[in-house]
Amino acid sequence: MALTEVYWDHHIPLPRLAPGLAKIIVALLALLCFVNSYDGEFVFDDSEAIVNNKDLRPTTPLSNIWSNDFWGSNLSSNSSHKSYRPLTVLTFRWNYLVAGDLHPVGFHVLNIILHALVSILMIDIFAILIGGLDYDEKGWIVNHAPKTSLLAAMFFATHPVHTESVAGIVGRADLLCALFFQLSFLTYCKAFNTGSGFSVHWVVVSLSLCAAAMLCKEQGITVLGVNAAFDVLLICNVNVYELSQKLLLRKNGFDMFRMGLLRRLALMLLGGLSMLYARWRIMGTGPPAFTEVDNPASFAENVFLRIVNYNYYYSLNAWLLLCPWWLCFDWSMGCVPLIKSASDWRMVWLLLLWCILIGLIGQALCSQDIQRRRTLTLGLVLLLVPFLPASNVFFRVGFVIAERVLYLSSAGYCLAMYTNICNNMLLCIMVLALLCLYVVRCALRSHQWRSEQSLFISALSVCPLNAKVHYNVGKNLADRGNSTAAIIYYREAVRLHPTYVHAMNNLGNILKEKNELVEAEELLSKAVSIQPDFAAAWMNLGIVQNSLQKFEKAEQSYWNAIRFRRKYPDCYYNLGRLYADQNRHVEALNAWRNATVLKPDHSLAWNNMVILLDNTGNLGQAELIGREALRLLPEDHTIMFSLANVLGKLQKYKESEGFFLHALRINPNAASCHGNLAVLYHRWGKLDLAKKHYEYALKLDPEAPGTRDNYNMLLRKMDQFNRSLP
């Protein structure tokens, strides 16, 4: 099982370090590359997987993690992505509990530490794959290629394609999956440290760790393929080329089965099939349904074009490993235009990819250099096998290119590439210079992942044809209050992708706020005609139509929204506003009540009910509703203000005063609250206090309607009172 010292190891211009020191250096390099992302924000997919995921909250039952997908949706739902990663979500929940809230620093720090751990373990894995499996008397792995394994591990630790997995918190799934993948492989190796034969116990432990990897991310099951290849090529010392020749010539080629290979393969096959079956049962309703936007090649009009485009995607993934300079958070929506004919010049990249791959496979099979042949073969296995779930071969995936899926495959690239060019001193020096460039690129890229603004803007130069990039830049600008600039990017997103309903919806919202109602109505109408079940667009269309006084159409739009999303409190709230504008008071109250039933902390709906009942003279009912609302929202100053007004009209002056003063403690600069408190004191006869709060109100808002008149009336009253005194 163990090889002799690897002959090319001494050519590498690195010192021969003690194992512990080598691991410290690799860990420090990993930290150096990504440490500047430790205080970054929640960005991109973090919003759905973490910020909006209720499974992270301590109030959510822990059992929900095992029945929901990665994004917090129930696996039985047709809208679920079927990404079943409960162990990853469990670590997110742990981060939340430790910090006491959603503070991104803890999430980022754990990601960086996990990447450092994975990079450290890569030294042992590379040592085994390059120099063979050997243990000392204490059970530690003997590294027969210390310099080569260190160099490959350093390249893995610093590869810029890992930035998405490390600096993006959602990449935790890839990091944990890689960690359990490594542990599964290393425990499988442990099965042969028994003196003779192998240990079934360690094989079972390896299968258990494989299951853990799969519970972090689906890609984890591919460790079984790597274990099997390692067993055949290194444990059984099979020459694949010679074996294939024997099989073709029908000669005896099964001597290695006497070493227990069949039993081990059978165990892994049984374990793998059991995991796949359990995974299929957990998915409930079958595989997720992706759209053409997610993966356009899988919807190409014929099989030939699908195969061609899939292979073009493979070549782009290979290029990201070779030259990780052009990196992007999203590669969909026009970023990679489809190849639609054999005359497309990009076909050259496919031919080049397969020429290189066939050349590498040929060298791996036929090279006379046993050590290099074995290392290259295992490197190709580690490169290709973990990539298989993302290849579209077995099932359709929901992306075009995803840098995060290359996290494990990059280990195979580092093994195959940097252990096969290091027999020349000049090449070694160039490789070390490339390592320095990788560190710089990682630092720059991880800095871009610190905020959504820098992340989205960085993508514009890489994927200028990607409508989603323009959409996300526009959304980020709108969230920061720059709606004018956001409009430009939303319009470009719609131009690049004319059926991009989410961009239309957001653009329509901004135009609505700018009172450009006609264009807003056109955009939102187009959005719902393209996607009739787009509930949010129906609601926004209703708001615009209400503003245009198209009340019947607005009401119909609201009901369409509710039809497609039954639990839609905001839509019920807006429907209530429509009814209130039409003096349909009972229907308005019912709509707002529905909003509060669906969302008990819907402050606006509660407040509008109190105000409507106040305005229609139902003061007793208004008081009851206001008190009910404050039991649910005890610190809501707007509801306190409305209830205080009601209590003042009911001549419950003392209680009204208490609510006004409480509201002012929460929001001391509310001019309307000072003004209405002054009116209360005015009615109550506390004229000095009334004068004081009128003056506060006018100081905060000199143009407050009615306040100046009330203040002047108070001054006249006080003057008359003073004159009447003896």
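Every residue, even glycine, has its Cβ placed from backbone N, Cα and C.
TrEMBL: automatically predicted annotations, no manual curation.
Here the structure is a predicted model, which means the values were calculated and not measured.
Among the features that TrEMBL reports, transmembrane segment is placed at 20-38 (among others).
Annotated transmembrane segment per TrEMBL: 112-133 (among others), in sequence order.
According to TrEMBL, the transmembrane segment annotation covers 198-215 (among others).
Per TrEMBL, transmembrane segment is recorded for 221-240 (among others). Residues 1, 128-129, 132-133, 181, 184-185, 188-189, 192, 206-207, 210, 213-214, 256, 259, 261, 264-265, 268, 271-272, 275-276, 364-365, 374, 377-378, 381-382, 385-386, 388-389, 408 of the same chain, all 6+ positions outside the transmembrane segment (221-240), place their C-beta atoms under 8 angstroms from a C-beta of that stretch.
For 261-280 (among others), the entry in TrEMBL reads transmembrane segment.
The domain 'DUF1736' annotation in TrEMBL covers 286-358. Per-residue confidence over the domain 'DUF1736' (286-358) averages 87 (mean pLDDT, predicted model).
Only residues 6 or more beyond the boundaries of the transmembrane segment (347-366), in the same chain, are considered here, and those with a CB under 8 A from a CB of the stretch are 240-241, 308, 311-312, 314-316, 318-319, 339, 372-373, 376-377, 380, 416. Annotation source TrEMBL lists transmembrane segment at 347-366 (among others).
Packing against the transmembrane segment (378-395) from elsewhere in the chain are residues 129, 181, 218-219, 221-222, 225-226, 229-230, 233-234, 287, 295, 297-298, 310, 313-314, 317, 360-361, 364, 402, 405-406, 408-409, 411-413, 415-417, 419-420: each is 6 or more residues past its ends and has a CB under 8 Å from a CB in it. If you look up TrEMBL, you'll see 378-395 (among others) marked as transmembrane segment.
TrEMBL lists 415-440 (among others) with the feature transmembrane segment.
Look at TrEMBL and you will find 467-500 (among others) tagged as repeat 'TPR'.
Remote same-chain residues near the repeat 'TPR' (501-534) are listed as 467, 470-471, 474-475, 478, 483, 486-487, 490-491, 493-494, 540-541, 543-545, 547-548, 560, 564 (criterion: CB distance under 8 Å, separation of at least six residues from the stretch ends). Per TrEMBL, the feature repeat 'TPR' maps to 501-534 (among others).
Residues or ranges marked as repeat 'TPR' in TrEMBL: 535-568 (among others).
Non-local neighbours of the repeat 'TPR' (569-602) in the same chain are 535, 538-539, 542-543, 546, 551, 554-555, 558-559, 561-562, 608-609, 612-613, 616, 629, 632-633; each lies 6+ residues outside the stretch with a CB under 8 Å from one of its CB atoms. Residues or ranges marked as repeat 'TPR' by TrEMBL: 569-602 (among others).
Residues 637, 641, 644-645, 648, 653, 656-657, 660-661, 663-664, 710-711, 714-715, 717-718, 721 of the same chain lie 6 or more positions beyond the ends of the repeat 'TPR' (671-704) yet place their CB under 8 Å from a CB of it. Taken from TrEMBL, the feature repeat 'TPR' applies to 671-704 (among others).
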(request) By DSSP assignment, list the helix, strand and coil residue numbers for the repeat 'TPR' (569-602), in that order. (result) 27 helix, 0 strand, 7 coil
(request) Give the residue counts of the domain 'DUF1736' (286-358) per reduced DSSP state, in the order helix, strand, coil. (result) 36 helix, 0 strand, 37 coil
(request) Please spell out the DSSP helix, strand and coil residue counts for the repeat 'TPR' (467-500). (result) 27 helix, 0 strand, 7 coil
